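Features as listed in Swiss-Prot:
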| type | residues | note |
| --- | --- | --- |
| ACT_SITE | Y166 | active site, proton acceptor |
| BINDING | G32, G33, G34, T35, G36, I37, R57, D83, K181, P207, G208, P209, I210 | NADP(+) binding site |
| BINDING | R57, F116, S124, R218 | substrate binding site |
Amino acid sequence: MACKNPKKFFPICNSPILRDGALKGKVALVTGGGTGIGKAIATTFAHLGASVAIAARRMEKLEQTAEEIMKTTGGICEPFRMDIKDPGMVSDTFDKIDKKFGKHPDILVNNAAGNFIMATERLSPNAHGTIIDIVLKGTMNVTTELGKRCIQSKTGASVTSITAAYARSGAPFIVPSAVSKAGVEIMTKSLATEWSKYGLRFNAVSPGPIPTKGAWGRLFSGEMGDVAEKMKELNPEGRSGTPEEVANLVAFISSDHMSFMNGVIIDLDGGQQHFNHGSHMGDFLHTWDQDTWGDVENVIRGRTGKEKP
């Protein structure tokens, strides 16, 4: 049973937990930094004094976000167009960041992702390949590019990847994402043991239900306006999390205060994974018939401009 009074017992506190200037002198790169959780992380970093680079494919949105962050925080935030699936573009972007800030990032947050809910038998090879290319291969591209530069320059860095509890538990209807995020978590643990000798550390944050327009817009069709409320009912604390709560945790992990934290996967989900096995909506989605799946497929097809998801 979910808590009936989350405002009293589990209040939301979105203000930064670290002191002002805690990340001063750091250069932070946040992939997928234009919206949602990535935007919240970038905003918190800027508030704490870091010089922030946000990267994604849509430059117009990035420019809007960077301007908003600088206006809100008085900090530094620069947008960079980068497709993490393209290793050459990733390398070029790191060159631009180095030129802009005088060094490569001290902090990397792998937040860029792709996902949608769909019955697995309806997925084309292109559909699951696209998710794997973004979430797993893209994250590897960015992480290894930073790692090589740190090793060459003999400088350290903190890398935090945003994953999900279903990377460990598995979950129906989001198989490509589960496979990819599982790979990211193994990458995190593996590089923590291999590259610590070079001054790099690697951790991951696994958020529970965090309603954002970008991520939830990819997952659910426009008709599912009750999803957020249903998520609250499925959480022991009786509420969803906020992007700012994730941002606070990521900032703390990325700071020098947590230099001994390495190779750790942290769940920030209000106890969600223990409440219903890490799959927030599995039982609900199993009730969908073929007509409903067809409607969802049409929504995804219209959003991507492709014939099949």
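Every residue gets a Cβ built from N, Cα and C, even glycine.
K181 (NADP(+) binding site) and the residue listed as 'active site, proton acceptor' are 8 Å apart (CA-CA, integer value). The least crowded of the binding-site residues G32, G34, G36, G208, judged by other CB atoms within 10 A of its own CB, is G36. Taking only the Cα positions, the spacing between S124 (substrate binding site) and G36 (NADP(+) binding site) is 28 angstrom. Taking the Cα atom of each, F116 (substrate binding site) and G34 (NADP(+) binding site) are about 19 angstrom apart.
Cβ neighbour count within 10 Å across all protein chains ranks K181 highest among the binding-site residues R57, K181. Other Cβ atoms within 10 Å of the Cβ of I210 (NADP(+) binding site), summed over all protein chains shown, number 21. Maximum intra-site Cα distance, NADP(+) binding residues G32, G33, G34, T35, G36, I37, R57, D83, K181, P207, G208, P209, I210: 26 Å.
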